[in-house]
Amino acid sequence: MASIIESAWTYLISNFSDFQLTCLGGFVLHESVFFLSGLPFILFERAGWFGKYKIQKKNNSPEAQEKCITRLLMYHLCVNLPILLGSYPVFKFMGTRSSLPLPSWKVISTQIIFYFILEDFVFYWGHRILHTKWLYKHVHSVHHEYATPFGLTSEYAHPAEILFLGFATIIGPAITGPHLITLYLWVSLRVLETVEAHSGYHFPWSPSNFLPLYGGADFHDYHHRLLYTKSGNYSSTFVYMDWIFGTDKGYRKLKSLKENERFEAVGKEM
């Protein structure tokens with residue numbers, strides 16, 4: 001497996017420049033992972049598939065879904081891509097490289113775990129700031145136009161928010177100066193995580209059922225369906241920051257009530 005990956009990477013660095021791989025390659029990778037993982041949730045909602053796993057019974061209209069896709073394409077092409085192209089000197093300053101040898105899986109996994117932990121910490125505080133009155137009204141309210149989120153709404157946001165919270169994603173790599181393949185993997189996993197958190201579905205195979213500290217769709221869906229002043233659940237990936245600072249009390253209370261109702265219903269059936 002390692003030799004296959006190394007051969008494929010050798011082909012890439014032999015046929016494309018470092019700039020092309022870092023900026024254009026990064027953009028193509030992001031768009032591919034984002035839309036391929038996010039579009040199925042629109043299909044699920046329109047077709048009514050997996051209805052019993054849908055967190056909210058309300059569906060978005062086709063017009064609302066199409067508006068989201070149109071805006072995303074505009075933001076990605078007119079905001080994200082130019083920023084990525086202009087950030088190449090920053091990536092080089094960070095120490096990002098594409099040359100061989102490739103880093104070991106131990107190095108890659110250690111760095112990515114560090115990125116997730118740091119990103120979650122920075123995102124939590126940035127997200128809380130965006131829920132202050134002025135910033136919510138003028139910036140973050142764009143993201144909350146969708147009280148019933150679906151996968152692609154994860155990146156539906158004001159351009160200022162894209163820049164503001166994008167800092168949380170890049171700060172880890174800025175500290176460690178990773179190999180480009182590590183950066184590719186980090187971006188892919190971060191996109192998959194945020195799409196899942198906004199999916200609107202809680203499946204038996206959802207990561208939150210297996211990873212104790214992982215928030216997931218049920219945790220973040222609560223954040224979207226409440227008023228901005230009372231929502232809580234500000235973390236991006238994990239749940240411990242909200243637990244430590246008490247910003248998940250409403251969610252925990254609601255979850256406890258639902259559990260009690262479920263137990264009472266089972267007792268009546270018996």
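For all residues, glycine too, the Cβ spot is worked out from N, Cα and C.
What TrEMBL records for 72-91, 103-125, 162-187 is transmembrane segment. Marked as domain 'Fatty acid hydroxylase' by TrEMBL: 113-247.
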Original post:
Residues of the same chain, at least six outside the transmembrane segment (72-91), with any C-beta under 8 angstroms of its C-beta?
Top reply: 19, 22-24, 26-27, 30-31, 152, 155-157, 159, 162-163
Subject >> pLDDT averaged over the residues of the domain 'Fatty acid hydroxylase' (113-247) >> reply: 95
Original post:
Can you count helix, strand and coil residues in the domain 'Fatty acid hydroxylase' (113-247) using DSSP?
Top reply: 88 helix, 4 strand, 43 coil
